[in-house]
Amino acid sequence: MSALTESFGPVPSAKSKPPAARKPWYKLLYLQVLVAIVLGVLLGWLSPHIATNEWVKALGDGFVKLIKMVIAPIIFCTVVSGIAHIQDARKVGRVGVKALLYFEVVSSFALLIGLVVGNVVQIGHGLGATGDAAAVSKYVKQAEAQHSVDFVLNIIPDSVVGAFAKGDILQVLLFAILFGFALMTLGERGHRLRDVIDDASHAVFGVIAIVMKAAPVGAFGAMAFTIGKFGPAALGNLIGLIAVFYITAALFVVLVLGLIAKIVGFNIFKFLKYIKDELLIVLGTSSSESALPQLMEKLERLGCSKSVVGLVVPTGYSFNLDGTNIYMTLATLFIAQALGVDLTWTEQLTILLVAMLTSKGASGVSGAGFITLAATLSVVNPALVPGMAIVFSVDKFMSEVRALTNITGNGVATVFVSWWENELDHDKLAAALNKTIDPSDIETAVTTG
């Protein structure tokens, strides 16, 4: 029995029953979200006084909070169930080591690419800007908790209830791993509890299916407020930084992640099309966390092992943030160039090493990349911290691409680790990416079981 069948019931199959009728185009989630984003942009551009109303902003914030509401129970149920179904405890450790090794190698590439592009393009050179420390002081304060020792200690929750209440991914993940191992050691005595957790996972994904119906509303509110508050004219000379970041992130996905996909045996563009719903939701909310539950489910349908999905995806949301990594090195060089500060190669190497640590403190929440940037600058060269105000006004426009790159990177990482573990179902992979299985059937599988 497949991992998906164990979690969500029988999967619709063309061999077992006639294929379901295709949904009308106006009921397709990704089209609804896309239309909502366009309408949000128009409202923010044409009527910024309406778009910046707190109730419009609440539409986007409310949707993200609804998603975050169920992330902790989803991670707990998925990880515990995945580990409890494994008979060999050594396998969990093996998967974890492979995932972390992958994260470090790919994250290093992302950081290095941002550093190289920043030196070649020199987009901040000659700007002659000055920074405003007050504008970014709250981010610097939050960044104080991002140093390596505090980061490690913060993984350990003061209480299990507190970890769930705060929705801290790494704390919930730590408890879930320990609980899963404990359940696995119980043997047959733990089967009933394991089945209860499997059923709970099914129910929580049902909640997600309900919440996702509000995705277009959330995307509309978030995009309208963003455009209304900052507006196209607010970009000014910083449009160059945004363009360079967009192009760099796109090239990273196509070339680096594309090469990894080729090694595994699939096409990166087909993969992007497969997760288009999740990408559009992330685009509207600028938070990769908003698509975490759906991404995990789609990866299982893609043929990835349930145990690998349960371990790699939640961990990747803190340890494998490719878009954030590119942003940190590129933005650091931009700020230094804008302030007229010449960084030596030794200092730039320090940026690379420090960012490898500070980036691990970033979560999938919108704006977390700005906090990790503050952490990096405060360690490398405190004189650069006030310069964060230069990119503050346009950070929101880069946040979306950071989140899109992050979620794509985590998806590819999960497929790669499953392939590395010889637990990737290539038949499912080919069927899903070649549309033999319609991704829209996921909602049916969740809601009907």
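Numbering starts at 1 and runs along the chain as it is shown here.
Backbone N, Cα and C define each Cβ position, glycine as well.
Annotation comment: Swiss-Prot describes 10-20 as compositional bias 'Low complexity'.
For 1-20, the entry in Swiss-Prot reads region 'Disordered'.
The feature transmembrane segment is assigned by Swiss-Prot to 28-48 (among others). Within the chain carrying the transmembrane segment (28-48), a Cβ under 8 angstroms from the stretch's Cβ atoms is held by residues 56, 212, 215-217, 219-229, 231-232, 276-277, 280-281, 283-284, 440, all 6 or more beyond its ends.
Listed as Cβ neighbours of the transmembrane segment (66-86) (distance under 8 Å, sequence separation of 6 or more from its ends, same chain) are residues 3, 6-7, 92, 163-164, 167, 169, 172-173, 175-177, 179-181, 183-184, 190, 194, 197-198, 200-201, 204-205, 207-208, 211, 214, 218, 287, 289-293, 296, 306-311, 314, 365. The transmembrane segment feature in Swiss-Prot is assigned to 66-86 (among others); the stated evidence is sequence analysis.
Look at Swiss-Prot and you will find 101-121 (among others) tagged as transmembrane segment.
According to Swiss-Prot, the transmembrane segment annotation covers 167-187 (among others), on the basis of sequence analysis.
Residues of the same chain lying 6 or more positions beyond the ends of the transmembrane segment (205-225) and with a Cβ under 8 Å from any Cβ of it are 8, 29, 32-33, 35-37, 39-41, 43-44, 51-52, 56-64, 66-67, 70, 74, 280-281, 283-286, 290, 293-294, 297, 443, 446-447. Summarising the annotation, Swiss-Prot assigns transmembrane segment to 205-225 (among others).
Here the transmembrane segment (241-261) has long-range neighbours at 106, 109-110, 113-114, 117, 121, 123-124, 235, 267-268, 271-272, 322-323, 326-327, 330-331, 334, 391, 394, 397-398, 401-402, 404-405, 408-409, 412, 415-416, meaning same-chain residues at least 6 beyond its ends whose C-beta is under 8 angstroms from one of its own. Per Swiss-Prot, transmembrane segment is recorded for 241-261 (among others).
Per Swiss-Prot, the feature transmembrane segment maps to 326-346 (among others).
Per Swiss-Prot, transmembrane segment is recorded for 370-390 (among others), and the stated evidence type is sequence analysis.
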- Where else in the chain does the transmembrane segment (167-187) make close Cβ contacts, counting only residues six or more beyond its ends and a cut-off under 8 Å? 68-69, 71-72, 75-76, 79-84, 86-87, 89, 92, 154-157, 160, 193-194, 311, 314-315, 317-318, 363-364
